[in-house]
Amino acid sequence: MLNIYFTRHGETQWNIEQRLQGWKNSELTEEGVRNAQLLGERLYQTNFRTIYSSSSERALKTAKIICSDRDIPIHIVDNLKEISFGEWEGKTQVEIEESYEKEYSNFWAMPHEYNHVPHNAESLPDFKLRVEKAIKGIIETNSNGNILIVTHGVVIRAMMSFFLDVPTKNMWDFPIIHGTSLSLVRWNGKQFQKVMLGDTAHMG
């Protein structure tokens, strides 16, 4: 049995400012750091074989905080990066809606209708394929034990869609995934079982 724990990076300054991050980075806030420390305390007794982190700085820093002084290898996986929003990155929701109201609305309300991709951004099908590639690679490498994945909000929705065979149009039906919340899916070699999603008990 493989226990796949996963979390979203800690809160960042751009999260507070409601700016899209995507492949761009923003520093963790004090709250983001504190909550990553609390998650590390919650998971301290869990024996992880490996931590897999997105290559984005905010995710890698979160992984290192969770790991703390424990001797757990951290593997950086580029395909666990957030979806690229192209020219929308760094802009606030209000700024994006002023120029791309329909496209922005489609992304969040009808992702299967998200056909107009911002300049230099990823399409949802391409994004989901690379996330699935990352997960399949991780599963092939680990047949049992505990692993931790540190990644991003939209990536987690893509992961859950893959685990539970949920179509793109229902990607946003999952609950909001808060920074440093904890999720767990089990893989028995044949099927995935959701144990918890977005749990924040350690954050008080």
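Cβ atoms here come from the backbone N, Cα and C positions, even for glycine.
TrEMBL names Arg8, His9, Gly10, Glu11, Thr12, Gln13, Trp14, Asn15 as substrate ligands; from the candidate set Arg58, Arg70, Arg130, Arg157, the record adds Arg58 to that same site. A Cβ within 8 Å of the Cβ centre of Arg8, His9, Gly10, Glu11, Thr12, Gln13, Trp14, Asn15, Arg58, the residues given for substrate, is found for these other residues of the same chain: Gln21, Ser26, Leu28, Thr29, Gly32, Gly179. The Cβ of Thr12 (substrate binding site) has 22 neighbouring Cβ atoms from other residues within 10 Å, across all protein chains displayed.
Secondary structure from DSSP puts Arg58 (substrate binding site) in a helix. Binding residues for substrate (Arg8, His9, Gly10, Glu11, Thr12, Gln13, Trp14, Asn15, Arg58) extend across at most 15 Å, taking the greatest CA-CA distance. Residue pair His9 (active site, tele-phosphohistidine intermediate) / Arg58 (substrate binding site) shows a Cα separation of 6 Å.
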